[in-house]
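Working notes, structure below.
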Amino acid sequence: MRAKVRILDVFSGRYSVFINEEEAKKAKLHPDDLVKVESGKKTIYGSLAISNLVGPGEVGVSRDVLQLHSLSEGEVVTLTPVGTPESVRYIKKKMHGEKLRKVEIEAIVRDIVDRKLRDIEISSFVTALEINGLDMDEIAALTIAMAETGDMLDIDRKPIMDVHSIGGVPGNKTNILVVPIVAAAGLTIPKTSSRAITSAAGTADVVEVFTNVSFSLDEIKRIVEKVGACLVWGGALNLAPADDITIKAERALSVDPRGLMLASIMSKKYAMGSQYVLIDIPTGKGVKVETMDEARALARDFIELGKRLGQYVEVAITYGGQPIGHTVGPALEAREALSALMTGKGPGSLIEKALGLAGILLEMGGVAPAGMGKKMAREILESGKAYEKMKEIIEEQGGDPNIKPEDIQIGDKTYTFTAPTSGYVTGIDNRAITGIARAAGAPEDKGAGLELYVKVGEKVKEGDPLFTIHAESEARLDQAIVFARRTEPIKIEGMVLQRIGNI
């Protein structure tokens with residue numbers, strides 16, 4: 001059928017094409033049918049939605065569609081039904097536990113990106129991977145397919161380094177120190193980061209407090225060619241676009257298939273042209289990987305996958321049992337990171353982890369002898385060279401290079417929790433800390449979060465401050481206080497844990 005485009009000011013949460021009931025009956029089309037919309041050289045696939053939002057002779061497209069395709073109001077298009085893609089048969093193969101060939105994986109990924117697969121079919125694929133898994137041949141094929149169906153970055157400055165943390169630890173602003181340290185040593189490190197999904201602040205959320213993070217691939221190339229590094233938001237780029245689509249299914253199903261997680265991370269490193277990749281796997285209670293055995297197994301998979309992609313990969317298993325540094329939340333973390341860069345000093349957990357990771361990268365990149373990377377990283381940080389490099393990065397990304405920590409606004413609605421008894425801090429609940437910061441408004445409210453005054457093993461007296469919640473509104477502060485009282489994120493115990501009488 002031929003019809004005129006009507007742009008609907010809605011986000012359906014799906015890749016939908018709308019027609020009204022009368023047109024659907026005439027064309028014998030049904031809800032969720034896969035349809036193709038063509039106009040000249042433009043071809044768009046989507047799931048059919050039947051709605052009275054459009055009239056006869058109209059095809060409605062949602063804002064979701066317009067984010068990826070340019071269509072004009074009133075543009076004449078042709079809408080036709082499309083048969084079931086061959087890739088659906090390959091998904092069924094994996095549902096039955098069979099191994100997929102490279103060409104089959106490529107077909108699935110291509111159809112995900114082209115929107116030929118509907119939400120239910122993508123969810124079936126993700127479920128099949130969760131239940132039946134992928135072997136390393138399949139993971140490598142999936143990784144390359146995910147990268148090559150999106151944009152690829154080609155940077156002349158070599159070698160290209162990269163670092164990625166699989167996350168789970170509150171307050172992890174480590175890479176804001178690592179990147180300028182590595183770049184100050186003459187290595188190239190184009191760092192793309194995510195925004196928070198379930199955490200209180202992703203690296204991109206923190207960096208955005210003091211400079212821009214959304215750039216095109218050409219702009220990133222210009223920045224990196226000039227200063228040797230960047231700290232940008234990966235979501236503004238068309239890197240491994242299938243990943244963004246499958247993540248929605250993973251969230252809806254509350255699953256995280258191991259093979260898909262490996263491909264998700266490494267496809268973006270492959271697309272960025274990274275030659276040397278350091279993976280940070282935080283381990284401990286309350287993070288994604290809780291045991292050393294799990295961490296070692298995952299490390300082996302990353303290293304093997306890197307070999308198949310032509311990348312040299314090393315893994316750092318790091319302590320993740322409590323927050324990094326003393327702050328959680330975008331603006332608070334930005335203050336702490338900038339202060340550490342300016343002074344060369346800061347919380348031990350932040351400084352030591354940043355220097356440890358940067359040191360490994362310096363050794364991987366061949367600018368520091370084996371075993372001397374951390375020492376070199378410390379010299380770069382304490383000499384101010386890392387701070388000067390960070391100022392260059394901030395300026396090239398459109399921020400004020402002379403910004404000071406105190407210039408950054410934090411939430412002025414505060415409440416401080418104190419120790420209910422004297423004793424020792426025996427545990428800090430990562431998930432509870434994250435939950436409190438999010439209840440306070442982070443990451444959307446940049447000034448929201450919390451400041452920690454104690455760490456595990458420290459002695460406290462009754463009435464000593466434990467942490468302060470920051471919020472931008474009284475309502476958010478009240479929510480965070482209620483959440484904190486319910487979860488009791490900091491555990492304090494005396495030396496006598498329990499008294500048992502004579503029975």
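Here the Cβ of each residue, glycine as well, is placed from N, Cα and C on the backbone.
Long-range neighbours of Ser199 (AMP binding site) (same chain, six or more residues apart, CB within less than 8 Å of its CB): Gly167, Gly168, Pro170, Thr434, Pro443. Taken from Swiss-Prot, the feature AMP binding site applies to Gly168, Ser194, Arg195, Ala196, Ile197, Thr198, Ser199, Thr203, Ser264, Lys288.
Sequence annotations record features per position, and here Swiss-Prot assigns active site, proton donor to Asp256. In this structure, Asp256 (active site, proton donor) belongs to neither helix nor strand by DSSP; it is coil.
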Looking at AMP and its recorded binding residues Gly168, Ser194, Arg195, Ala196, Ile197, Thr198, Ser199, Thr203, Ser264, Lys288, figure out the farthest C-alpha pair and report it in angstrom, whole number.
18
Using a 10 Å cut-off, grab the number of neighbouring Cβ atoms around the Cβ of Gly168 (AMP binding site), all chains included.
21
To the nearest whole angstrom, what is the C-alpha distance linking Ser264 (AMP binding site) and Asp256 (active site, proton donor)?
11
Cβ packing number for Ile197 (AMP binding site), 10 Å threshold:
10
Given Ile197 (AMP binding site) and Asp256 (active site, proton donor), what distance in Å do their CA atoms have, once rounded to a whole number?
14
What are the non-local neighbours of Arg195 (AMP binding site), defined as same-chain residues 6+ apart in sequence with CB under 8 A from its CB?
Gly202, Ala204, Asp205, Trp233, Gly235, Pro443
